[in-house]
Amino acid sequence: MSWFSGLLVPKVDERKTAWGERNGQKRPRRGTRTSGFCTPRYMSCLRDAQPPSPTPAAPPRCPWQDEAFIRRGGPGKGTELGLRAVALGFEDTEAMSAVGAAGGGPDVTPGSRRSCWRRLAQVFQSKQFRSAKLERLYQRYFFQMNQSSLTLLMAVLVLLTAVLLAFHAAPARPQPAYVALLACAATLFVALMVVCNRHSFRQDSMWVVSYVVLGILAAVQVGGALAANPRSPSVGLWCPVFFVYITYTLLPIRMRAAVFSGLGLSTLHLILAWQLNRGDAFLWKQLGANMLLFLCTNVIGICTHYPAEVSQRQAFQETRGYIQARLHLPDENRQQERLLLSVLPQHVAMEMKEDINTKKEDMMFHKIYIQKHDNVSILFADIEGFTSLASQCTAQELVMTLNELFARFDKLAAENHCLRIKILGDCYYCVSGLPEARADHAHCCVEMGVDMIEAISLVREVTGVNVNMRVGIHSGRVHCGVLGLRKWQFDVWSNDVTLANHMEAARAGRIHITRATLQYLNGDYEVEPGRGGERNAYLKEQHIETFLILGASQKRKEEKAMLAKLQRTRANSMEGLMPRWVPDRAFSRTKDSKAFRQMGIDDSSKDNRGAQDALNPEDEVDEFLGRAIDARSIDQLRKDHVRRFLLTFQREDLEKKYSRKVDPRFGAYVACALLVFCFICFIQLLVFPHSTVMLGIYASIFVLLLITVLTCAVYSCGSLFPKALRRLSRSIVRSRAHSTVVGIFSVLLVFTSAIANMFTCNHTPIRTCAARMLNVTPADITACHLQQLNYSLGLDAPLCEGTAPTCSFPEYFVGNMLLSLLASSVFLHISSIGKLAMIFVLGLIYLVLLLLGPPSTIFDNYDLLLGVHGLASSNDTFDGLDCPAAGRVALKYMTPVILLVFALALYLHAQQVESTARLDFLWKLQATGEKEEMEELQAYNRRLLHNILPKDVAAHFLARERRNDELYYQSCECVAVMFASIANFSEFYVELEANNEGVECLRLLNEIIADFDEIISEERFRQLEKIKTIGSTYMAASGLNASTYDQAGRSHITALADYAMRLMEQMKHINEHSFNNFQMKIGLNMGPVVAGVIGARKPQYDIWGNTVNVSSRMDSTGVPDRIQVTTDLYQVLAAKRYQLECRGVVKVKGKGEMTTYFLNGGPPS
């Protein structure tokens, strides 16, 4: 609403276009008089009295309405009705990286180095929705899963402390401090597991538990480093690697916290290794290898955490989007149906919808939706002096004026039990007695006429302009319904309707009735002779006796006074409860459905509906989603739909749908595997001696992985590569089976690189060499014997016979093998059971090689040399007899247990990822199914609506942002208008029992109009818009919006001319096959018009202006079987080489004499 001169004026939704600025621009008012017809004073006088209220403040935009929420385009922008994508957007996602780069300033260009660094930095940032409320919803959404995951992690950590305690206590006397630390850690883990399983456990507590766990892990790591015996920078590397990995994958913390924690644990171990092993000769080599090992573990953690969280957030926002659509679609469908029923009576609309829905087979004739009603009264009312009124208004004010006046008439019609049929320019006609019969139909029409005259008298007093109403009423029989296939409008036909139309020829301010109507009034009104035949030739020819209403009889006045008193009493009792009359826009929302009940929502949601209607749409969706999250049971969903161990869906169709899911990040997974391979290569090149075989194996594996990465990357940038390569890439990425095979192949290559170098090392047992030198049995050799022979840890030269180099630090073989297993966790699309099988096979191969193969001697030699290293560090000297026992479990016996712990963690993470993905898929699928059903209904309703209103007009009336009192109006600079009438149809139409009282005549008219509608639907006539039919007259126009207006080529004008000629040809074809002799008269004109919608409760699209009037005159003054055009149109068509001839000067009502032309044909082909 806007304030002008202190009075309330309805806001007009101006649709000014490039071709309509001049016509849409307001002209200055004449004089300074404020009582003009188009002034705000007149507008307020037509409204119900109410105190002025301030303009409501615009509601605050929630974060979803920024870049993230794509608002529905308004009319005039070429937008279609329908769902819009909802990109919920969190601050640091892949989807927002481009936005973030673009928003960084003009110096940040896509593809630049700075942009690439910015995108890389976003990977390390915590993901968070812009809306704090939405972020809380997301955390609640995954809370149950995170709670379950955290509980299982506590169990794994209890197992880990038991393993560490066994490794520490088994070989020698344990250190009490370290044992106490592990016991405390285990006790805390058990306590935390109990806490996590409590129903009172909350989201905030989860963060606390996570950070407590990190603190315990750091303490255990420090204790393990201090308790190690013997000490070495490479001893116990697997433990911090495990801690770093579970920090990223099994602890429910944000990315930034995970990165800091992972790097913190890694740095802590490096510092401890440096401080505790300062005298080690090979300290820096091992610290460098340790740093690479930890850095690779952090990279794997990031490559696992980032896509998993992004996928979860995208699944959440997609689910929310589907729920939002599911909640909003019923509203939109209800709005569409309400709009449909505001244009067509319910009985007609429902019958048409049922026929469309059942998709009946083609019939020889189109079905006609006509009903016959006897004993009705028809009122035609015309505004006298409207032309002079319109000349004082701008285009905007004209639509505003008509809307306010006819909206008042619509309200009066509803109060007087009349059904408005149509608005034709300034003519308003309605019927009482349909669709439900009424005995007092004549009284209702007379009272309607009295109210209309009172309303226009008020306008006359306020404006000072001589306007009045001419009202004519006749009672009889009508056929009502719709004709044609497009732009349906409810209408009535019959001889009685024709007669009622001519009854308009009355004195201004009087109600003109026929004797048939008078008979139904039962003497309740005083009348006088109307002498209608003196003013209308049709009435004279038909010998119609007419009367003028003088006033109500005394009895009728008393009845009306009593009714008015009852209405006032009722209105006073409802005062303050009922709002002022405005077009209906509020619709109740239906949220419960079968699928939603499956998701945890039942009919109890209806109890909160009243509160929900007060929420804005975004808050309503969040409120509903919050209830759904609280109500759903993860365990129940798993039990009902997912197999327990395999995590496959119980239903085959669901499993097939899930298997068709495409993971677009698969190329990134393979790239991460390549990165892990590079780290393994660097570690082994740094720690172990080089060999030609080793370098050859690494080069081959690198080439294979690089080819795999490039092949998968083609999927994302396919246009740059050959078609065959693109096809191969698509076949890998889009197929879950193919991508799984490629993923397993990549992990096998990385695993091969981790173990291949073991076969190039020296496999001679040191015990055998030393025993031979000392002349003792190999079983008697101890670390003290090796110390006496000056054997030490870290020498690359062969210690015994042979030329193969010595691999002194097999801990890194174990570490590299663990990295290769961790690389499998990056491939999120591989099923948990598939990963478990792969880990089992790879672990079994490694253990067989370790325990039974030649590489086992490398680990035996390492254990002995590590003992020598410990003796050297202690500076104590022992002989071979009293040499102390080894202070640790042999590495090759520790490795199977380490593998078991890692395999358990990897499997739990795989289960968590797959379970989350499948439950998200299931929830989204349930919401999608209902959404698709609603979309089908929406598209179905939309097709019906577009058969009533143009698309942009329907979009305007269905827009959620539209205000109740907004009008639709559009100024169009150059529009071609056509009126095509069947000149002699009135002679053909007769009402006889043989033709079902005229229904068969209307059936033929329906076929004719349907043919015209089918022609206008052709692609070549896409610039044309059917406006309406008026009896047997067909009205169309072209160039009414930006998509159909051709300013330069004027193709929309020639299209209408071609259409007019097609109608002439079609009429000849109809005459040949129906054995009739219908004659068409067609009139064409061009110029500016005002297009808009009149009627608030029952919107009716129409166009107004001098252009329309002249076009109608071209039809009425035309010649049968000819197309008459104006001079303006002649100039355009002649320039296009159309064939025209001059008719000469024609007298046109209201315009004087005009030179017109006949259109004979199109341009030469």
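Backbone N, Cα and C atoms are what each Cβ position is placed from, and that goes for glycine too.
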For this session: Write down the one residue from ASP331, ASP426, ASP440 that Swiss-Prot lists together with ASP382, ILE383 as binding Mg(2+) 2.
Result: ASP426
Seminar exercise, completed: Checking ASN146, ASN762, ASN790, ASN1041 against Swiss-Prot, the one recorded as N-linked glycosylation site is ASN790
Problem set entry | ARG130 vs ARG510, membrane side identical per Swiss-Prot | yes
Seminar exercise, completed: Here the Cα-Cα span from THR916 (phosphothreonine) to ASN790 (N-linked glycosylation site), rounded to a whole number of angstrom, reaches 57
Problem set entry | Recorded stretch, among 150-166, 257-273, 287-303, 699-715, maximising Cβ pairs under 8 Å relative to the transmembrane segment (671-688) | 287-303
Problem set entry | Neighbour-count leader, CB within 10 A, recorded positions: ASN790, THR916 | THR916
Exercise. Who are the chain neighbours of the transmembrane segment (150-166) in space, where the CB to CB distance is under 8 Å and they lie at least 6 residues beyond its ends?
Worked result: 174, 179, 182-183, 185-186, 189-190, 192-193, 196-197, 206, 209-210, 213, 216-217, 220, 224, 239, 242, 246, 250-252, 897, 901, 904-905, 908
For this session: Establish whether the number of Cβ pairs under 8 Å between the transmembrane segment (237-253) and the transmembrane segment (287-303) reaches at least three, counting only pairs separated by 6 or more residues.
Result: yes
Exercise. What kind of secondary structure is ASN790 (N-linked glycosylation site) part of, going by DSSP in three states?
Worked result: coil
